[in-house]
Amino acid sequence: EMSRVYPKGTRMDSSNYMPQMFWNAGCQMVALNFQTMDLPMQQNMALFEFNGQSGYLLKHEFMRRLDKQFNPFSVDRIDVVVATTLSITIISGQFLSERSVRTYVEVELFGLPGDPKRRYRTKLSPTANSINPVWKEEPFIFEKILMPELASLRIAVMEEGSKFLGHRIIPINALHSGYHHLCLRSESNMALTMPALFVFLEMKDYIPDTWADLTVALANPIKYFNAQDKKSVKLKGVTGSLPEKLFSGTPVASQSNGAPVSAGNGSTAPGTKATGEEATKEVTEPQTASLEELRELKGVVKLQRRHEKELRELERRGARRWEELLQRGAAQLAELQTQAAGCKLRPGKGSRKKRTLPCEETVVAPSEPHDRADPRVQELKDRLEQELQQQGEEKYRSVLKRKEQHVTEQIAKMMELAREKQAAELKTFKETSETDTKEMKKKLEAKRLERIQAMTKVTTDKVAQERLKREINNSHIQEVVQAVKQMTETLERHQEKLEERQTACLEQIQAMEKQFQEKALAEYEAKMKGLEAEVKESVRAYFKDCFPTEAEDKPERSCEASEESCPQEPLVSKADTQESRL
């Protein structure tokens, strides 16, 4: 897809805009005003000089890839693109002007917004010599050119009054390391015949200062470790012991006392991972309330006590009804015994009047009332046992229903309190996570400030300080992003585990309802099986306590009958003796 940019139609002058920003965005054609030979037009003409005058720029390969996303405002790095470091040393010039003037050179870079925008300038030539001026300057370093294919280098020569003498704009990918004579061009990009600059260029891949020692060690390991051995011997003579490490990924410089101090760059890319791990170590795995803790909550305990009180009251009413039935049965039995005793007195008086009674009448007469009363007593006992059986079944059924109701209420209460507790746990966990993240950011910020302070103590060059400060800030941003990402992942993992534990706890609470109901049903069935024996035992024990003579009813009566059926002589003699006494 082709794109083209035009100057604004409502403008009143013939000025141009910088085409670099549109080239950075992937625009193939940028229209300019050819009548104005300003810096944008000079850059445009210089770039198309190396493009074969094709009329358009091909979009960068990285922008044509569908699996990659290009951000021209990136300040860190661009994926699959190796950054470049450019070092240029201005040595001398040849035939710069026809007049004897003092001159200087400006070096400027055009590229992405994240590229170094520093404009370097040499000092004025020591003498008014424009034939072969010499500058004894340090190299001008453009340390990190993110995308060399989109960057250009401009070298301009000015005389003392900032008058333009000549310039040259060259794309970065057209430069090569070594010594070069650069022929200068005019404002309209026309080649000048004599003026030229003699420079030294050094092109290399960008390597952060953090890895400088590692690069040196890999390039010449024998030399590096020999130097480390010499340093170790010196340290041994000072401190009496060897250092623990001869080589470390983080560059350090040794003081006279053997204490390591951070290097002047202040950036610690290898420590980024360790910083992230230290940040994530502070995150503790959350714990949820267990089932026992939920059962000991105030609301659950209070509900259980109320249910226990209701069950005791229900048991008390059942026991009272049971006792009333037993007392009523005892009263009816006492009434029957009273009636039976009244029937016994009448035959006894008649026997005394007759004085002598046959043996058969003496034996049968006392037993008749018992035989007549025994079926009524047995019927009374059977009816009492039946009533007690019904009462017991009704009591146990009501207890079972009440227990099932209590279990449902308790489980519902536990579920409600558990959800409230778990919601509070999640809220506390999130608040703690936010607090930990803030504390981690504060620690990293304090670490950044410490690195900047250490850097300012080591170097006093403002240009180097600015460059190192920018690196420290970029490194700090990477550290914070990585640490926050790791902490977020850890927190999400812990939150998932917490939610799983909470879900398992709720499932256990729901399973408790079925267990309690099964337990209550088992108790009900066991009590129903033993109810019949309990009823008989209660009736027998109660009647034995209230009427001890009645408890031995039939066996004693059978014995008395056998004694009355003995030989008649002793009975008659005994009766005669009693008669004579009367």
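Note that Cβ sites are derived from N, Cα and C of the backbone, with glycine treated the same way.
Pulled from TrEMBL:
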type     : residues : note
DOMAIN   : 1-64     : domain 'PI-PLC Y-box'
DOMAIN   : 67-192   : domain 'C2'
REGION   : 248-291  : region 'Disordered'
COMPBIAS : 251-270  : compositional bias 'Polar residues'
COMPBIAS : 275-284  : compositional bias 'Basic and acidic residues'
COILED   : 297-339  : coiled coil
COILED   : 400-427  : coiled coil
COILED   : 477-541  : coiled coil
REGION   : 550-582  : region 'Disordered'
COMPBIAS : 551-560  : compositional bias 'Basic and acidic residues'
The domain 'PI-PLC Y-box' (1-64), counted residue by residue under DSSP: helix, strand, coil: 20 helix, 4 strand, 40 coil
Spatial neighbours of the coiled coil (400-427) far in sequence, C-beta under 8 Å, 6+ residues away: 286, 288-289, 294-295, 297, 299-300, 303-304, 307, 310-311, 314, 495, 498-499, 502, 505-506, 509-510, 512-513, 516-517, 520-521, 524
Predicted model, mean pLDDT over the coiled coil (477-541): 78
